[in-house]
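Notes for the one structure printed next.
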Amino acid sequence: MSSALRRLMAEYKQLTLNPPEGLIAGPVDEENFFEWEALITGPEETCFEGGVFPARLTFPPDYPLSPPKMQFTCEMFHPNVYPDGRVCISILHAPGDDPMGYESSAERWSPVQSVEKVLLSVISMLAEPNEESGANVDAAKMWREDRKQFYAIADRLVRKSLNLPLN
Amino acid sequence: MCFAFRAHTHLFDRIANQWQMVPLVIYFPIGLCLLIVRVFIGLHAFLVASLLPKSSVVRCFIIRTMCAVLGFIVREEHMHFKRKVGVKLLVANHITDFDHLAVDLVLPCIVPIISDSPKFLNWSLGLHDFGTKNGGDTFTQNVKHYLSSCEVPILMHPENATTNGRSGLLKFNSLPFTLDSIVHPLCISVSRPSPLEVSPTVLGSRWWSDLFWILLTPFTVFTLKYLESIHQKEGESVDEFAKRVQIEMASAMNVAATNYTEADKLEYMKRIAHSASDNSSSQHQQKQTIISSASAQRNISNPLLESTSQIERMAIRVKEVLPQVPIEVVKKDLAITANIDETITRLLDGTISYKAETVVNSRPEAQTQKDSQSSNQSNISKSELGLNTSAKTFGKSAFERMRSYKERKEALIEASRARYLRKHPEILMKMAKR
């Protein structure tokens, strides 16, 4: 077993037995341990409250040396999520790799990070978008200028994720 | 797989293995006497430095002699490259908090204040406040203004953090390179006579402890190697310029030009502090480690860093794969297996039981907020909400695990939906009407 596989197994076990509230993550199919699916519950007291958002995590062969990639597989409208669902937060970038040029000393990927920490960071990203990163320019603009509209869209996404009628 | 962190370790690693302790212990009483005498001479040197005008030849000579008495010796290499008039920006690697003093002795210069050193010391130590606290722009403007009006050059350490200078250079901050299009690189290395090779500075040490060792040991040699001035090429970006200077300096020093930054060093220190707190049973220290990296810096216990034994190094590698396992457990098992892979396997398949520790130094705020908020809603218990997604057991076979995983996913969605409907009863009404 490679160390990447071992580490993923360890994290899977940890997340199965002792997950943070409202989070589930694990391999889509154990045939391929490098493809995970995660369910993330929108944090309370935020516009994403209550939604359960599925996302896909893809791990590189040299994990945990390199960070995983993360992409929402549901519709998502958020300043730090690209329209195609890819998540843009500093913990998913290795030091030195800084595509947006805004991550000065923020928390970066390193082998001490983990899937759990990535998912918790995504939760806090949902709660507090980082206005400096414009992964989704429209969402960032709306978040700044028309918060009400943003909340309305977010609530639609929450209902959609729960498979509830939209109006 | 852990090249990155091994490189890290070497970048900041320590002195003395156990054998080097012996001469040190024998020397210690002599050193202590020397230290006391030197403190008084040091006060005089300080006075002279404050009184005589900067960059006068007499001052240079007197201070250099006095510093030599204090055990602070500066040697120069490649004199033919020594700064010519006109080059006003010196860049040097960063070994100790006293680098700029060493440079100042042979090449009078001033250093912009970055750290929070005591104000009254700034002037005589050649530190100059360029308004760093007011943000980068003010700083850049002030420095540029200074450079155009004054002859005394400015010294900057683009690494922003100290290393031992033996394995690699941290990634250069580009700020110093925006100030002028020509820089004069200096390579600093610090050595002490064998057999008292106490390293001049260690991870997390404060300036006064470094000073203590300078005054205690017979002498400390700061070697300055001058390199040829480097011009920014036309069309070269500041980052490229910084990188080029870094590579140039690294090759002159025979070390690697790494991509690690000051932030990585801090992160590394946090990690060390974290495993250091495992060593002490006192919960107090653990708490402090978690609170902030700043306090973590002060908490680092030096003995842990000093030991570079095999097991220690292997334990760090195991921790990279399994950060939740207490380092003590890892070390104990490594003592038995002496094999990283075997220990990892034994920990994973449960041969060795351990109490998982919190891996996270600081959980994202959202989590704590969430906790406090959900505890406010006293009428609905957490289990009723079904947000707890944990399984009772981790299945032995892939099939079992997949089944439990699917069940838990469905349960979470179901529970969230019920919760949402409870909060928004109007939807339920609408659904019922249809």
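Cβ atoms are placed via backbone N, Cα and C, with glycine included.
Note: TrEMBL annotation is automatic and uncurated.
According to TrEMBL, the transmembrane segment annotation covers B:24-50. Feature annotation from TrEMBL assigns region 'Disordered' to B:274-294, B:362-387. Residues or ranges marked as compositional bias 'Polar residues' in TrEMBL: B:276-294. The domain 'CUE' annotation in TrEMBL covers B:310-352. The compositional bias 'Low complexity' feature in TrEMBL is assigned to B:367-383.
Listed as Cβ neighbours of the transmembrane segment (B:24-50) (distance under 8 Å, sequence separation of 6 or more from its ends, same chain) are residues 16, 59, 62-63, 66-67, 69-71, 123-124, 196, 198, 212, 215-218. Summed and averaged per residue, pLDDT over the domain 'CUE' (B:310-352) gives 78. The helix, strand and coil residue counts that DSSP assigns across the domain 'CUE' (B:310-352) are 32 helix, 0 strand, 11 coil.
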